[in-house]
Every structure is written in structure tokens, then in C-alpha cells.
Amino acid sequence: MITLSLPSPAKFIPPSSKSRRIRNPDFEALKDTLIRQANGGNLKQAISTLDQISQMGFNPDLTSYTVLLKSCIRTRNFQIGQLLHSKLNDSPIQPDTIVLNSLISLYSKMGSWETAEKIFESMGEKRDLVSWSAMISCYAHCGMELESVFTFYDMVEFGEYPNQFCFSAVIQACCSAELGWVGLAIFGFAIKTGYFESDVCVGCALIDLFAKGFSDLRSAKKVFDRMPERNLVTWTLMITRFSQLGASKDAVRLFLEMVSEGFVPDRFTFSGVLSACAEPGLSALGRQLHGGVIKSRLSADVCVGCSLVDMYAKSTMDGSMDDSRKVFDRMADHNVMSWTAIITGYVQRGHYDMEAIKLYCRMIDGLVKPNHFTFSSLLKACGNLSNPAIGEQIYNHAVKLGLASVNCVANSLISMYAKSGRMEEARKAFELLFEKNLASYNIIVDGCSKSLDSAEAFELFSHIDSEVGVDAFTFASLLSGAASVGAVGKGEQIHSRVLKAGIQSSQSVCNALISMYSRCGFAKHGFAHRAVELFNQMLEDGIKPNEVTYIAVLSACSHVGLVDEGWKYFDSMSIDHGITPRMEHYACMVDLLGRSGSLEKAVQFIKSLPLNVDALVWRTLLGACQVHGNLQLGKYASEMILEQEPNDPAAHEAGCSWMEAENSVHKFYVGDTKHPKAKEIYEKLNKVALKIKEIGYVPNTDLVLHEVEDEQKEQYLFQHSEKIALAFGLISTSKQKPIRIFKNLRVCGDCHNAMKFISVAEGREIIIRDSNRFHHIKDGLCSCNDYW
DNA sequence: CTAGGGTTAG
């Protein structure tokens, strides 16, 4: 038997018609052109070459698609990337692993995790380590950290062995307070497998883990110092994280060190150091660096532009968005991030919520797809709008884009409901939340605190404490809740928990503590002093005060009449800490002077300021005039308010009060007789008036600004909306529960006084939220200690 | 094709 050693049959198969075509010189030439164009970033031309190939009757091969997709990812040209995807779907070509991986990466960078996931799931056998890594990274970047971690574990279980890219992606997903420990465990795993922190990629992830997950800049710096290879990216990462965690000066120091070592800052480095310059006191350097950006020909860059937009939004002295907007308008190109940066700027500045919504409309008109960050900011803006339909509409957009389940979007929705007083809806959204993180809990605790449901807030607190652990935000919310209802005892309890938890060095907790003692100082004299002591302690401990700190400490000074201290702190605020006073600080000073009776000095102070004060400051003066019965100055203050806000109800006295009862809101205007129970309400009001006069109430007719007889003035006083609302509350609610009234203006002085008497005469607890603050009235005393 | 830097709710 002779065995013929023949080549395997496959080799005898004549070249197929397909491969014959590939050798076609026209096709080869076009393919070369296409690759050249794609690699050079001329994607539009490359696409038309691709079309030309098809028109000639050839099928473009996989290589063409691969090269084109790579280029789309590199240049972030998502539109063409999507176009390629649909062309590929229409063609008979079966995409291979590399092309599918590229598509996952493309959709990941676009923020379209749903499409990326679909491709990943359809891959089956074709999945490789890169596909897994791309998917893990996709979830991490789209705000779905848990999904990212689960996918990592799935992969390990599947038998795939992670490499440095994979470790880096999953550790990135763990860079939060909630998942930090998971990150550490995975890092331990990485060490075991031999991927030490010495790998630049894993090293960067580790820096992030310490910085973002544990807010531990010292450890982050240690990793950085130990890295055998430091490049521009690692320097930039350090600068950016230091800046993000508020260590702005260190960020600037690192930047200078980097430059002195010979590294040339690129767009990302500028971006990081510019963000640090948003801090008060560094704005001059910020402007200088803006010059550096222009010199480096980076001013047209979107990335640098984003940081400039952000920097000017946060640091411009007069609180306007003009400089920020100028940078935005001058940018050559806009992407999601630049749109999000300007929208966020407007939202954070406050009072610009409609402008933020308008910008969003322009953004989607321009076919830029919003991401989870965009919706996060937008929903925050919607919480301040009076029209709830806008918020619902925006949320529906998020649902359509598959972003509603992303944690920060869902949390913002809860926050939107809570802020607009819709606590029932907030709770519902919270219950529906699949993945509750610490922020979700904190938002709901804050909402409960602000809606004066401190009992529920505390209940939640103990629940969170045992479930996920509490943080500075939780404490800050509870402290402000305690302060709102004047629950001094609770406030002190939380203070001791703060000390136990060892987070007394957190700026937001310090602010909340000072503010709590300051606000409770009304009820107990010593507390305002404690607020001032805490503030001094804070400075001694080297904790940076911010604008909020000064509002709290200045009002504490005001409450106890520490005029000299008040001046001292007011001056050192800008001199020592570079904080430009805002209207709120001016209002505190006017309050301080007005409260101590120096009304004329308060007016002098206002006139000495380098700018025109707004209605808030004049309203404060008006309040002081009412307390001290200075009619003339009061009228002047009213005129000034009207000049700034012609429709301001305070100056027109178009007061309106409302309260919730029997599941609906009852609204009352001055002298209102429209309510179905009006007759009973006025009967009750008359009875109560007699009752409280017996125990010492004297109507304060000085507060009536109309020129009429005294008896008529008294009648006017008893037509005030808050008194009508209260009478309604007395006849329609259970005696065990406090009566909760809301008023669009400040509560009138006489009504405030009458309510204290009524709380005794009727044995009721009354909580009134006016335009300025909460008044918690019980047993003849108010948490505001008679100053409103 | 997968990593590292800009936008982030409280």
C-alpha cells in the first residue's frame, strides 16, 4: 500500500470568487486610501471611500471596518462610529471579536451602556478578555459601579484571568466610599496575581482608590511617590485628585513641581490645575493660567474649556455667570461635558435654573446626547422650579435614554422631589430605588429634616448606621434638622456622636454644628457663644472655613449681640481667608447692627458697600425696622426692595399662608372669606382673640402701616393670613399633632406674638415656616427667641 | 479592541 502524502484538501480548493475579488487592484487601491484616511482622522472622507467600494460591487472587508472604528474611538467621533455599526449590520460580513470589542468601547465612551451590553451579550463564544474588560470599564464609566464589580466576578468565575487593564477598570468602579473596601480586596487579588502597583495602569487605579474611595490623599501620594515610572498622566491624575478633594494649594504646588521637573502640561493638566483655581484666593492664578492656556494654543480645547467654564462659574466675584458663559460661547466645539459644565455652573450659582433648562434644550437640539451627569444637574435645577411638569419631562428623557436607573440620576430625582416639598413622591422614588447608596439615604434624611419630620430622620439614621454606615453628610443633615425644629437636646446628642465617629474635622460637619448652635442660641443663651467657640476651635484645628461657615458664625454673633466680634470675623473673612462676602454676609451684618438697635449704622454700612445690595439685605433691614418700630426707615427699606423686585410680596404685603389638612392644601389670603369653613374659622379666631387678651396679649398696632384708627388696625391684624390659617388648623386638626403653617413672607410680628399666646391658651404646638426660617412655637416660647 | 486626565446627586 502506497501512502501518498498529499497536501490537505483545503489547499487544493481554488481561490474563491471572494478572494479573487480582494486581489482586484481597484479594490486594493481604494482600501489603502481608506486606511490612510482613517488613520489620518479624515473620517468623512474614509466613509465616502467605503461607500465607493460598495458601489463598485465589492464588500469592504473586516480590516476596513476595524481601522475605521479604531479611528472613531480615538477621535471620539461617535456619529460616524454609529453609522459604521449600521453599515456593518447591513453587510454580509460577520464581525469578529476585535470589531465587536471596538463597538463595545465605542458605545461605552458614548455612555450608551445598554447597546454595549447588548453587543457583549450577543458575543457568546467570541468573548475574550478584552470584551470583559471593556464591559467592566463601560459600567464603571456609566455610573453603574456595582454592575461593574459583578461583571468582574462573573468573568473570574467564567475562567478568564484578569490582566492589568481589567484590574484597573474594576478598581476604578470601586473608587467610592461604599465600595472602597471591595476595591482594596480586588487590589489584594491583583498583588497575588503579580500585577503590583508598579504597573502604571494599576498604580493610577490605586491612587484613585485612596483619593476617591477613602478621601486619603496621603496614601495616594505615597503610591505616587513609590511609582517607578511617573509620566504626565500620573502627575495630572495627582493634581486633579488633590484639586477635587479641596487640597487646591497642594494641587498648585504639585503642578509647579511637575513643570520644574520638565514636564510640559497638556490639556488635561491645565484642566486639573484650573479646577483647583476655582477656590477663593486662587482666582488671580486662575486668570494667569488662562493666559498660559492661550499661549499653549489650548484655548479651543473642549477639555480645558470645561474647566475654565467651571472655574469662572465658581470664582467670579459678583456671582454672575458672564465670564463662564463667555468661555463657553467662544469654544469651537461642544460635547456632553462642556454642555454639562455650563449647565452645572448655572445650577450651582443658583437663581439660574431656567437658564440651565434652556441650555439643555439647545444641547439636545444640537443632537448632543446628555449623560447621567447632565441629568443629575438638571434634576437639581428642577427642584427649584415652580412648575413640576418640567422636572417630569426631563426625567422622562432620562428614562428614554436608559439613564434613570443610574444612581446619581435616581438620587437627583429623589432630591428634586424632596426639595420641592413633595416628600411622599420622594419616599416612593426612594423605595423603588434598586441600588440605595449612602447618598440616597442622606438625601431622604435631609428631606425629612427639612420637612421637619425629624422623628423619621432619626429613625432612618439608626437604620443607615447599621446598614451602610453614616458619613459627614448624614450628620450635617441631622444637625440642620435638629436646628430647624429647635431640638437642642437632639442636636447635642448628634454632636457627641460626631465626636465619637471622629469626623469633627469635616468642614460640612463643622458648618452644621456652628449653624445648629447659632440657630438654637435663640432658645438657650449659652448656645450662640458655643457656636462662636466652635468656630474658633475650627480655625485652631486648621479646618478651612467657607462662605457657609461665615454665615453661621456671623448670625451667631448677631443673636447674642457680639457686635465687635461680628465685625472682626467679617473683616478677617476676606483678608485672612480670601472669601468675598456674598449678599447673605452683608445681610448678617445688617442683622447684627439692626438687632442691637443701630438702625442708622446699618444704613450707613449698606451705603458704604462697593456695590448695590439686593432685596435680601433690604428685607433684613425692614425686619429690624419692624422689630424696633422704625416706620420711616421701614418705608425706605420697602421702597428699596420694590426698586429691585417690583413684584416682591413683602413690600406689597400680599401675604399668603397655607397648610395641609385632610389630604389637601388650604390656602388663605389676607381677609380671606372664600374658604368653605370661613364662618367657623372667624368664629374661632374671635374666641381665641378674647382668650389670649385675658392672659396678657396686647395687639401691636404699630405694625399696621395703613393710616387708620387703632380699633380698625386691630381688625386688620386679625385678618392676617397666618392667623386665619392657624384658626383653621385649630378647628380641623388633631390636638396631639403640631399645626404646620407655611407663609410666603416673613411672619408678621403681631401674629408671631399672638401665636405664642395661642400655643398656651390652646395647648398646641405650632410650626410656621416663613420665607426666612422655621418658627417652632411651644408653651409660649418660639425657637427664634422673638427675632425673625 | 481593553488603562490613565475634564462634567457628579447629598
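Numbers here mean position along the shown chain, with the first residue as 1.
Using the three backbone atoms N, Cα and C, a Cβ is placed for every residue, glycine included.
TrEMBL labels come from automatic prediction, so no person has curated them.
Noted in TrEMBL for the protein shown:
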{"type": "REPEAT", "residues": "A:96-126", "note": "repeat 'PPR'"}
{"type": "REPEAT", "residues": "A:128-162", "note": "repeat 'PPR'"}
{"type": "REPEAT", "residues": "A:231-265", "note": "repeat 'PPR'"}
{"type": "REPEAT", "residues": "A:335-370", "note": "repeat 'PPR'"}
{"type": "REPEAT", "residues": "A:506-545", "note": "repeat 'PPR'"}
{"type": "REPEAT", "residues": "A:546-581", "note": "repeat 'PPR'"}
{"type": "DOMAIN", "residues": "A:696-788", "note": "domain 'DYW'"}
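Taken residue by residue, the repeat 'PPR' (A:335-370) breaks down under DSSP into 27 helix, 0 strand, 9 coil. For the repeat 'PPR' (A:231-265), the DSSP counts in helix, strand and coil order read 26 helix, 0 strand, 9 coil. Using DSSP to sort the residues of the repeat 'PPR' (A:546-581) gives these counts of helix, strand and coil: 29 helix, 0 strand, 7 coil. Taken together, the residues in the repeat 'PPR' (A:231-265) have a mean pLDDT of 91 on the 0 to 100 scale.
Here the repeat 'PPR' (A:335-370) has Cβ contacts under 8 Å with residues 76, 110-112, 302-303, 305-307, 309-310, 312-314, 319, 321, 324-325, 328, 377-378, 380-382, 384-385, 390, 394, 397, 401, 403 of the same chain, all six or more residues outside its ends. Broken down with DSSP, the repeat 'PPR' (A:128-162) shows 27 helix, 0 strand, 8 coil.
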